[in-house]
Amino acid sequence: MFEVLTKAATFVAIILLGYILRRAGFFREQDFYTLSKLVLKIALPASIVANFSQADLAPSMLVFSLLGFAGGVIYVAVGWLMNAGKSPEKKAFDLLNLSGYNIGNFTMPFAQGFLGSTGVVTTSLFDTGNAFICLGGAYSIAKMIKGGKVAPGPLLKTLVRSLPFDAYIIMTILSMAHISLPSLAVSFAQTVGNANAFLAMLMIGVGFKLSGDFSQIRHMVRILAVRYGIALVLALGFYFLLPIDVAYRQALVVLAFSPISSASPAFTGDLGEDVGLASAVNSISIIISILLITTALVILL
């Protein structure tokens, strides 16, 4: 338990470091986007390549991708149903800010630090399914609710241009086909991928902010209560009902408590809705997820 708490405290300390450095002027607000590019375009894809290179995937493991997709669909459906009879704007906002998991930037470092290559591969496969929801699926449905036209082209373009998604797909295919990368490429990926946890946590700290109209606290509480209420049910279901090895179930529990997709505030802005409120919900979900994931790891490991 002490080791789990120590590692979790290290992650929190890195987040605090990023936040303090931004407040002190070492980082500017726009530096968040530079760090984000380093994580999403270099460190995270390298981490995926390195961990998949150590894994022997069976076709049955693709069920984790289906679980990631299904989890997103559940939140989209709940966001729709909990606002039945309400305005299209409110329905679109809640649907968008309930769904999707922030895995690459947040949960992946926890998987790297606590769950080993099995946990990282499970996390990667889960995030492949999640990507269809958080990188455009939920946004397309929200846009449709508000009366906009929905085309599959932009969604597919967004997915193809996502380097982590490309890395997931390519490495899954290679692993299924039992094709190994050259040892030099794997060694390079491991070295670069080791930076992912630090950069991702630092990035979260640099970008952390609470904004929006706090007279809407009731709305925030409602969204977060529904989100983590469902997460608790999913976590219990994953751990006690799935007939799979305990290492996979542990990873799924951690994944269930992932924060809301980091893309949600940006998509909220594209819809012309309250970006400040979306950012506040997103930031608070990070705090809640840190507490819940740390608690889960202490109990499970």
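Easy rule for this one: first residue shown is 1, then count along the chain.
Note that Cβ sites are derived from N, Cα and C of the backbone, with glycine treated the same way.
Beyond its flanks by at least six residues, the transmembrane segment (6-26) meets 109-110, 113-114, 197-198, 201-208, 290, 293-294, 297 of its own chain at Cβ-Cβ distances under 8 Å. Marked as transmembrane segment by TrEMBL: 6-26 (among others).
Among the features that TrEMBL reports, transmembrane segment is placed at 61-82 (among others). For the transmembrane segment (61-82), the residues of the chain that approach it from at least six positions outside its boundaries are 91, 94-101, 121-122, 125-134, 137-138, 141, 145, 172, 226-227, 230, 234, 238, 248, 252, 255-256, judged by C-beta separation under 8 angstroms.
The transmembrane segment annotation in TrEMBL covers 167-189 (among others). With a cut-off of 8 Å between Cβ atoms, the residues of this chain six or more beyond the transmembrane segment (167-189) that come close are 44-50, 52-53, 55-57, 59, 62, 124-125, 127-128, 131.
Per TrEMBL, the feature transmembrane segment maps to 195-212 (among others). Same-chain neighbours of the transmembrane segment (195-212): 11, 14-22, 27, 31-32, 35-36, 38-39, 43-44, 46-47, 104-106, 108-109, 112-113, 220, 274, 276-280, 283-284, 286, counting only residues six or more beyond its ends whose CB sits under 8 Å from a CB of the stretch.
Long-range Cβ contacts of the transmembrane segment (224-242) within its own chain (Cβ-Cβ under 8 Å, at least 6 residues beyond either end) map to 67, 71, 74-75, 78, 82, 98, 248-250, 252-253, 256-257, 260, 281, 284-285, 288, 292, 296, 300. The transmembrane segment feature in TrEMBL is assigned to 224-242 (among others).
Under 8 Å from some Cβ of the transmembrane segment (280-300) lie the Cβ atoms of residues 1, 4-5, 8, 11-12, 15, 97, 102, 106-107, 110, 114, 204, 208-212, 214, 220, 223-224, 227-228, 231, 235, 239, 250, 253-254, 257-260, 262, 264-265, all in the same chain and six or more residues away from its ends. According to TrEMBL, the transmembrane segment annotation covers 280-300 (among others).
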